[in-house]
Structures are given as C-alpha cells and as structure tokens.
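*Asks:* My questions will all concern the structure given below.
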Amino acid sequence: MFVDVARIYVKGGDGGRGSNSVRREKYVPQGGPWGGDGGRGGDVVFVVDPGLNTLVDFKYQKHFKAERGEHGGPKGMHGRKGEDLVIKVPPGTVVKDDDTGEVLFDLVEPGQRAVVARGGRGGRGNMRFATPTNKCPTFYEKGEPGEERWLLLELKVVADVGLVGFPNAGKSTFLSAVSAARPKIANYPFTTLTPVLGVVDLGEGRSFVIADIPGLIEGAHQGVGLGHEFLRHVERTKVLIHVLDGAGTEGRDPLSDFDVIHNELRAYNPELAARPTLVAFNKMDLPDARENLPRVREALEKRGYRVFPISGATREGFRPLLEAAYDLIRQWVPPEPAAPEAEMVYRPKEEGWRIYKYGGVWHVEGKEIERLVAMTMWENDEAVARFLRILRLKGVEQALREAGAEDGDTVRVCDIEFELMADPV
C-alpha cells in the first residue's frame, strides 16, 4: 500500500471569547466596562523535516486541530493565544486543497514552514464597544472559528538519481549493491511498492542520493497498474538511470523495454523524457545479455544515450556508471528559486456575499457574513442590534430591497432568521 498520498483534515484553533465585565472598585463610582479580549486560536503549521521520507504517519492519524485561544478576563485581561499545532512533513510534500485540487504549497527545503489553517481571531471584550452614547455595553464578541479544510498531501521523493525500468529489471539489486539501502528483492512484478532511498558514497567527499522508483509498466501514465503513484516519484530527480534486463529473462526485448518506459515518462510529463539519462544494461553475467549488448548499445548510442554494461549478481561495471551519474549531477542547473519566505500562509480569497430567495425566504451567504454571525452574542439585544447595523452599513439591506425584498419578509443568515424592517435599529 502506498504512503506517498494522504488525505487529512486540519482546523485552526477557535478564538477565545471576549469578557463581559464591569469595573467595580472603591473610589471608582462609575467604573465602566472592563472586559478583556479573547486570545487568538493556534495555527496548524507544516514544517519540513529532512529526517522523514514517507507520509506513513498520516495513515494512522488524519484529524489535526490546533488549540483554541483562552477567553478574555476581567480587568481588561487578554486571553492567551492558543498553541500552534506543528506537523512535520518530509521534503518534497505537495499540499493541495482536497475540494478544488489547487496546489497550496510545495514544501522542499528543510525547515520550510507553511500555515495550512489559521486560528480564529479572539473576540473583543465589552470595553471595546463603549461609545459616548453607550458607556457601559453589556455584550462581547465570541471568538472567530478557526479555518478548517481537508488537504491532499502528495510526496515526491527528493533524490539526485532515480532508477527507472520494468519490474524485475534489477533496480533493487543494483541499489542494495551500491548503497546501504536494503529494499525487498524477489522475482515478481511490483516488488518495490514504495520508493527506497540510498546514499552512494564515491569517496573524497563525493556522494549522492539514489532512489529505487517502483517498477513501471505500459500504460502507467494512464494509471494502469500503479502508474500514477510510481511516476509521481520521478519528477524531482536530477538524473535518471534506466535499468534494462539485458538478458530479456521475462521474454521481452531490452530495446523494446526502453522505448515503453521512455514513452510512459514522456506521456506523463514531457520534461521527464528530456532529463539526463544513463542506461544500465543489467544481467551481463547471463549469455543472452552479452549477445544483446552490441545491438542495443548501437541503437541507443545513436539516440544520444550512454550505455553501461553491469551485473547485479557479480557487481561488475558499477563504478563507471556511478561516476558518470555524479558528473551529470554536478552539471545540473537548479531552477531559479523564488524569494525565500520565513513562513508561508495560505489565505483563501474572500468572495464577498450573495443574496437569493428560496422557499419564500431570503438567504444571505458569504464568508464575511458567516464570520460575523459566529462572533455575535445572540442572547444579547445590544449585540443583535449591532449585527443588524453592520449589515446595513455593508449594504446588505439595500441589496435585499433592490432584489425585491419587502418589509416583513423573512431573511436567513446561516441559522439565524429575522424580519426585514424599515425603521433603523
């Protein structure tokens, strides 16, 4: 089962509510309001941890919620901010909105931080609403709900070299021979179901990371077999080593195998087919491979590919191939990086509000209006009057009347219903 794709739910902490407090002290006969503000809710933050290389942890835990802010207190005391919930993810994690498929973040660099769900603002205490005409208001704001969304995480292995080829071409054997990685090795398709990383040490401080990309089959770019999952891992490698079964032990021709995999890479992402590629002609310990080598080498070298005969069984021919791969890595020119950000924050666009009539009731919808509803103290007449006054200032009442609403019509905002009235509140 793949662990390079995960679907999780994240929610920022709700803001703490404000306080409804009155100052009562000796020698302060007209103390007035003294309620403090609530604290902001904690954020849900992704941090890139270079020590991770899978999304397996998200297989067992899928719901993440940051701490809410503390409520405001008397004497103008401000509630404490909720703790941020920090979630570690491996380098190469792509964060998408599960509903829209929009890419929110592409997390590659160690220590990179991204806020995926912001905490809600703390509600204001009653001292914030004092005016010359209302010197001691009796209401406060509730805390703003934290942002919540479902995310789709995709992991693209970050490696210098990717091994591609048909199942059973000998990639896992090659990787275990040139590094300390120990992939599962057996004679059947899809032996490797997740990428296996290894470090190749050439000495003198020269090393690189190599990844055994799970085996490909014809039609992989259309999702045949486990194609999309496999191809996703290839995209960030700098160099490809195409491992061929030179002996054709599965009854296939090595040159035909090369063309099939090359075409799958090109169909999935044309840039992959143009990536620097070396050909490892494997299983040279078998007579059929030695017989096929001249024909395959001539055909591929005419197309610009360097062919290296190797044997996973005897470990012959590895050094020249690895040296050539290292040289290509050094020649690789990284894309121009974007200006670094200490912390990236996803801020969804506010879409305003809309009005429509359904079942004889006028409905008002919109993130801004929903936030106002959630933070209003509905059990308090002063707070309700403030809510209606804000709707009027935002032009909602005028828009309702222009749409055909009349006095006495029912207006519904979220779960709250009221009658449209001509007289100002």
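A Cβ is built for glycine as well, from the same backbone N, Cα and C atoms used for every other residue.
Reproduced below are the annotations present in Swiss-Prot:
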{"type": "BINDING", "residues": "165-172, 190-194, 212-215, 282-285, 311-313", "note": "GTP binding site"}
{"type": "BINDING", "residues": "SER172, THR192", "note": "Mg(2+) binding site"}
{"type": "DOMAIN", "residues": "1-158", "note": "domain 'Obg'"}
{"type": "DOMAIN", "residues": "159-330", "note": "domain 'OBG-type G'"}
{"type": "DOMAIN", "residues": "345-422", "note": "domain 'OCT'"}
*Asks:* Over the span of the domain 'Obg' (1-158), how high is the average pLDDT in this prediction?
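*Replies:* Mean pLDDT for the domain 'Obg' (1-158): 91.
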*Asks:* What three-state class does DSSP give LYS283 (GTP binding site)?
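*Replies:* In three-state terms, LYS283 (GTP binding site) counts as coil.
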*Asks:* Just name the winner among ASN168, SER172, SER311 (the binding-site residues) by count of other CB atoms within 10 A of its CB.
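*Replies:* Ranked by Cβ atoms within 10 Å, first place goes to SER172.
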*Asks:* Taking the Cα atoms as reference points, how far is SER311 (GTP binding site) from SER172 (Mg(2+) binding site) in Å?
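*Replies:* Answer for this pair: 12 Å between alpha carbons.
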*Asks:* Please name the residue among the binding-site residues LYS171, LYS283 whose C-beta has the most neighbouring C-beta atoms within 10 angstroms.
*Replies:* LYS171
